[in-house]
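Feature annotations, reproduced from TrEMBL:
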| type | residues | note |
| --- | --- | --- |
| TRANSMEM | 12-30 | transmembrane segment |
| TRANSMEM | 42-64 | transmembrane segment |
| TRANSMEM | 85-115 | transmembrane segment |
| TRANSMEM | 144-163 | transmembrane segment |
| TRANSMEM | 175-195 | transmembrane segment |
| TRANSMEM | 215-240 | transmembrane segment |
| TRANSMEM | 252-277 | transmembrane segment |
| TRANSMEM | 297-326 | transmembrane segment |
| TRANSMEM | 347-368 | transmembrane segment |
| TRANSMEM | 380-398 | transmembrane segment |
| TRANSMEM | 419-441 | transmembrane segment |
Amino acid sequence: MKSGDQWKSKIGFIMAAAGSAIGLGAVWKLPYVTGTNGGGAFFFMFLVFTLILGTTLILAEFIIGRKTQKPPIPAYKSIAPHTPWYLVGVLGIVTSCLILSFYAVVGGWIFTYFIRSLTGRLTEPVSGSYETLFSSIISNPWEVGLAHVTFMLITILVVQGGIQKGIERVSSIMMPALFVIFIILVIRSLTLEGAAEGISFFLRPDFSAINRETILYALGQAFFSLSLGVSIMVTYSSYLDKRENLIRSATSIVGLSVLISLLSGLAIFPGVFAFNLEPNEGPSLIFTVLPAVFSEMALGSVFLSLFLLLLLFATLTSAFSLLEIVVSSIVYRFPNKRKIAAWGSGIVIYVLGIPSSLSFGLLADWLLFGKNFFDATDFLVSNILLPLGALLIAIFVPRKLSNPDMKEELLRGSSANEIFFKGWLFILRFIVPLAIIAAFLNVLGIW
Ligand code: PHE
């Protein structure tokens, strides 16, 4: 996505932005953080944060991008010249590198699961359960290592060529297909014996299960699954036609992402309880539950392979956005250096991800603040850097753009009125910063 002409079509832009948003956040991360944070109450907070704060912030990022039509660092510089605000762009780029470092590891797990599902080495664990199968896979440095490299190579190769029309076309088939398989999966899961307990765990808020961290985790999850706080939405909207309706784009993206999160929970938790697994198992959750649910289905192994392929695709489109933001910033300064930029940054990010890839095997005892390297990186990104980036963007936009400028970008082409603008501005100016600061202070025990 080097030049402006690629996302000129509205659908192309929504596909790219939704492709960035929808990925492991909704399918892999949401079920496991919901499981480790007590269930329904977490999901409820995640929903509220996504709908209110997420929609507001995605619009704020769109405004910056479309107004300036530039990648993050120059975008912040052009709105607030000679100030340190461009560091918000730098923060976004650094955060994206960190996310991609562990994201590609999970992408690799999906890749290896997909290959295994094709060769029948997934549906029938030789000894014991799917849990033992999963831990034997992720503790094997060769298998995860190879899968990790492959995932990064695909990402680098696609981003190196600029994101082509092909991706746009493929995603418009793959995304709806993922959705259909999800529905089939949810139906099977909901009809398993013991499903009710899972539904109640997922959807019935038990607020006594909430502790200090839960609120921050729910906030982090909301930002993570909408790709917010790292200026990716700034980058993508910078290619958008001036006439497009930002509000409709934002609500479609948020709506799709929430829907997939809901479907993931409904696919996973009934299975967890039906097969007597633990909901608080952590990052391995979908890898141990899904094969078990699929194995209960007619043609289960075929559906499982198809599902993994589509999930791999959803994961790759998010990975492209993470690398693209880094590459587009380098290319802005050094035009014609796209290839070197993609390989250089891709290799650095790959190396950064090696300790994460070994975190469940060789380096399992390597702890930082009581967490393995993978979990520590995820914690730093999701619960500190993303909310921090989002906070800074929420402060930046109303301070550095005039009301008429914001209103003009926000409302152009839409039927929303002045009241919508005022409501949006109020949430951006007051509610978003207050919520993020309160969540931070709460974890520190100050509030
Ligand atoms: N939103 C992506 C997902 O849910 C992850 C992501 C986070 C991508 C932040 C870009 C930026 O999979």
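Glycine residues also receive a Cβ, built from the backbone N, Cα and C atoms like all the rest.
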Item checked: Cβ contacts the transmembrane segment (252-277)/the transmembrane segment (175-195), at least three under 8 Å, sequence gap 6 or more -> yes
Item checked: Any contact, the transmembrane segment (380-398) to the transmembrane segment (419-441), with at least 3 Cβ pairs under 8 A -> yes
Check: Can we call the transmembrane segment (12-30) and the transmembrane segment (215-240) in contact, meaning three or more C-beta pairs below 8 angstroms at a sequence separation of 6+?
Finding: yes
Next item on the list: Take a look at 42-64, 144-163, 175-195, 215-240, 297-326 and tell me which one has the most Cβ pairs under 8 Å to the transmembrane segment (85-115).
Entry: 297-326
Next item on the list: Could you give the residue numbers and ranges of same-chain residues that sit at least 6 residues beyond the transmembrane segment (419-441) on either side and whose C-beta is under 8 angstroms from one of its C-beta atoms?
Entry: 49, 52-53, 56-57, 59-60, 215-216, 219, 247, 387-388, 390-391, 394-395, 397-398, 403, 406-407, 410-411, 447
Note to self: Between the transmembrane segment (144-163) and the transmembrane segment (297-326), are there three or more CB pairs that fall under 8 A, provided the residues in each pair are separated by 6 or more in sequence?
What the structure shows: yes
Margin query: I need to check the long-range neighbours of the transmembrane segment (42-64): which residues 6 or more away from its ends have a CB within less than 8 Å of a CB in the stretch?
Written below: 30, 33-34, 75-76, 79, 202-203, 205, 209-210, 214-215, 217-219, 221-223, 225-226, 228-229, 231-234, 237, 240, 246-247, 249-251, 253-254, 257-258, 261, 265, 390, 393-394, 396-397, 401, 406, 409-410, 424, 427-428, 431-432, 435
